[in-house]
Amino acid sequence: MILHELIDFEILRVIWWLLLGVLLIGFALTDGFDMGVGALLPFVARTDLERRQAINTVGPVWEGNQVWFILGGGAIFAAWPPLYAVSFSGFYLAIFTVLAALILRPVGFKYRSKRPSQSWRSGWDWALFVGGAVPALIFGVAVGNVLVGVPFHLTPELLSMYDGPFYAKFLGLLNPFSLLAGIVSLAMLLQHGAAWLALKSDGMVETRARRMGPIFGYVAAAGFALAGVWLAVGIDGYAFVGAVVTDGPSNPLLSEVTRGGSWLDAYGVRPWIAIAPVLGFAGILMAARTFDGHSDVAPLLWSKLGIFGVISTVGLTMFPFILPSAVDPNSSLTVWDSSSSHLTLFVMLICTLIFMPLILAYTAWVYKVLWGKVTQDEIADNSETVY
Amino acid sequence: MEIDVVELSRLQFAMTAMYHFLFVPLTLGLSIIVAIMETVYVMTNRPVWRQMTKFWGTLFGINFVLGVATGITMEFQFGMNWSYYSHYVGDIFGAPLAIEGLMGFFMEATFVGLFFFGWDKLSKRGHMVLTWLVAIGSNFSALWILIANGWMQNPVGTEFNPVSLRMEMTSFFEVVFNEVAQAKFVHTVSAGYVTASVFVLGVSAWYLLNDRHVALARRSIAIAAAFGLASALSVVVLGDESGYAATHSQKMKLAAIEGMWHTQPAPASFTAVGFPDMEARETHYAIHIPWMMGLIGTRSLTREIPGIAELVENAEARIKSGIIAYDALEKIRAAGGEADEAVTAQFEEHSADLGFAFLLKRYVDDPREATEKQIALASNDTVPTVWPLFWAFRLMVALGFGFIGVMAYFFYRANWRGMTFPRPALRLAVWMIPAPWIAAELGWFVAEFGRQPWTVDGVLPTVMSVSHLSVADLAITLAGFVTFYSVLFVIEMSLMLKYIRKGPYLDVPETEQWMAKHEHRLRTHDGNVPGATPAE
């Protein structure tokens with residue numbers, strides 16, 4: 001096969017780094033509001049009918065949304081195998097917790113209204129709460145851990161060894177910075193869920209969502225700002241020592257990495273990346289401000305922009321690092337040494353170019369078919385068939 | 001490598017995968033059956049078919065959601081528990097998993113919401129197209145998962161990279177058109193179709209036995225029997241194709257399944273039953289069918305199928321060759337990837353056997369220091385435990401032929417005996433409901449247990465594939481999965497039974513009107529009018 005050499009290995013790696021971001025952002029934008037709605041459910045909806053209304057705003061779409069998560073996992077496996085191997089085994093029990101929470105969610109959506117019993121239904125409501133809140137929190141904690149550095153090293157055979165304490169496997173290392181990142185993530189997705197409910201529900205559910213949304217928005221923005229300051233003063237960055245081979249075989253141990261300086265040095269080297277945090281703040285704050293306006297769509301659109309900005313900020317700040325090691329910097333995974341082979345990246349790019357536009361098109365079509373508010377009357381009329 | 005961690009990881013993977021596969025086959029088959037029913041509805045406009053679509057669709061939904069939920073575990077468990085595996089073969093194995101998401105699962109999951117919520121929002125035809133897209137999406141998913149699994153059985157289109165220390169893809173085409181993967185795909189989806197057919201048949205039979213929903217049940221049986229018969233034939237034919245493919249790619253698995261301890265003169269006989277004995281390397285009380293194994297395995301009268309003893313000798317030679325590859329690899333690594341040509345040539349000559357040297361890691365850290373005795377032990381390890389394979393395979397095949405018989409019978413009664421079914425046959429159909437699940441799980445057991453001691457045949461041993469975890473980690477997750485999955489299973493079964501007992505939704509007035517108008521057409525050949533009311 002010569003075809004794949006049409007695109008340089010180095011460029012393919014950058015493209016796949018971008019696609020990784022696209023998938024994570026796609027996941028946060030779509031499944032993010034499902035998780036937000038789940039986490040808000042016990043508070044934003046009180047009566048059974050209200051809860052069903054809230055659940056049915058995401059009822060027809062959560063399955064498709066969740067595939068962003070599955071595809072994200074698949075894409076990490078296919079394009080960044082060392083990242084897949086190190087992160088999921090290192091955060092073993094945290095991932096297990098996330099999986100358990102995420103398994104509760106589909107079952108909760110589907111089974112909750114299949115029995116009339118009050119205790120059955122309220123049990124599933126709390127399952128949906130856990131299924132939304134726990135992953136939203138842990139994903140943030142994981143990102144925080146990545147910025148601080150993860151305690152792992154690679155053996156010469158490239159077996160990943162986890163060096164952190166046992167308890168840390170549950171939630172990742174619960175250092176203060178990671179907890180802050182978790183709160184930012186949770187608050188951001190709660191606002192996103194509230195924005196979705198403002199668009200898709202009416203009556204008391206909408207009113208409560210509009211009241212709660214801004215609170216989460218301000219918390220997220222404040223946390224995001226605090227995290228920025230913290231990165232500037234309290235956390236060391238990572239850097240390569242000497243020149244780096246950007247198109248060689250993927251073996252993280254071949255390059256030398258040192259800890260020092262600041263992650264924020266990236267803004268000196270590539271000032272244009274400041275656009276990402278600016279979009280993050282603008283989106284989150286504008287979403288918070290538009291909740292009390294008359295527009296149904298505005299909070300959701302701004303919230304999407306905010307999430308896009310926040311996730312991009314993390315990626316761009318760390319580039320080319322993906323998963324730095326706190327105990328053995330040389331083991332750190334970077335864009336240049338932890339990808340798949342040239343051929344695999346090329347094949348996967350072709351597949352993505354074929355299928356991603358199709359996915360976006362039919363997803364958009366489904367949302368168009370489902371456009372409009374989900375009302376309580378509608379639920380009552382179709383009580384047998386809806387969630 | 002800590003053996004406990006390896007065994008617990010295997011147990012957890014086997015458990016979660018087999019649990020996942022309780023839901024997958026029904027999804028694969030029922031999605032198609034529901035799509036067929038809806039197509040008949042759109043073509044004929046008869047309300048009973050819509051009622052059928054919605055009713056089986058509800059059961060499909062209860063099942064589908066657990067398939068999705070438990071699939072999440074599968075997607076991430078490779079990284080969690082099989083970290084070295086993920087690093088070592090992710091370059092090839094990850095690709096089909098990602099394409100599964102892009103091509104299959106995304107489509108299936110995006111449209112399935114509209115299947116349930118879109119009845120009033122779409123035209124009849126539009127909704128039907130969408131149901132087909134859900135069915136096609138599920139089947140595409142299965143295709144890519146089986147390409148990934150097929151590659152573990154027969155790793156083609158790949159070579160070892162001595163710098164990145166892993167297998168890398170050399171030909172995507174070979175990976176996709178791997179003969180093992182293709183045969184496995186059709187075999188597996190057909191098994192899913194049989195599962196769903198048996199399920200529809202059994203539930204409908206239960207309605208007929210209780211004189212409920214007769215119109216719905218009879219039509220469902222007609223569809224299930226026709227679809228089930230075709231699928232049951234396909235399962236067996238493609239199972240045979242898999243066996244044929246195994247004669248060149250997985251000789252040891254085949255020999256173990258057959259309990260074939262020594263190479264026989266061609267054409268070999270097939271051991272129908274017997275008691276395999278690992279120690280003595282013979283099968284006691286065996287009943288042989290002459291020629292049959294040679295015919296199935298090689299489709300010739302002259303080619304030999306190697307027996308276990310010969311394959312162990314062969315493995316020993318490959319282990320010795322693997323040690324040379326390992327030695328060369330260490331020299332290349334010591335030289336920072338730039339060893340002299342002689343070493344590189346030595347590595348390239350023997351690199352295909354590198355995985356065999358890894359078999360020694362169980363006994364010695366550095367395979368180059370292995371003694372003859374350790375090499376002999378490692379060669380013996382290439383034989384999977386024979387008796388479970390031997391019996392699982394035979395039970396699966398017997399069930400497979402059983403499905404053909406039952407489906408053929410119901411097909412005959414549905415088409416030539418005016419849809420009348422004797423009560424004993426209906427009772428058999430109800431009792432048979434669990435059988436396809438048993439057959440499917442046995443099939444996976446044969447495929448995966450038969451590949452031991454490898455995760456990727458001839459490339460990476462299972463003991464090397466695991467993550468650096470502690471027994472405590474695994475105890476927590478294993479206990480978690482067992483508890484969590486058991487609870488979910490009870491909930492799922494209770495809902496399934498509730499909705500089966502409850503019967504179809506209300507489309508009643510419309511259906512009753514239609515049935516009154518078309519009474520003459522509903523009459524059976526013996527003149528009875530099925531007094532069906534679609535819902536009590």
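Numbers here mean position along the shown chain, with the first residue as 1.
Note: Cβ is positioned from N, Cα and C throughout, glycine not excepted.
What you are looking at is a predicted structure, and each value in this text was computed from that prediction instead of being measured.
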Transmembrane segment per TrEMBL, picked from B:55-72, B:343-360, is residues B:55-72
Counting Cβ pairs under 8 Å that are 6 or more apart in sequence, does the total for the transmembrane segment (B:389-412) and the transmembrane segment (B:190-209) reach three or more?
yes
Lying 6 or more residues past either end of the transmembrane segment (B:467-491) yet within Cβ distance under 8 Å of it, the residues of that chain are 2, 4-5, 8-9, 11-12, 15-16, 19, 22, 66, 69-70, 73, 80-84
Same-chain residues at least 6 beyond the ends of the transmembrane segment (B:424-447) with a Cβ under 8 Å from one of its Cβ atoms are 17-18, 21-22, 25, 149, 153, 184, 187-188, 191-192, 194-195, 198-199, 201-206, 208-209, 239, 253, 257, 388-389, 392-393, 395-396, 399-400, 402-403, 406, 409-410, 413
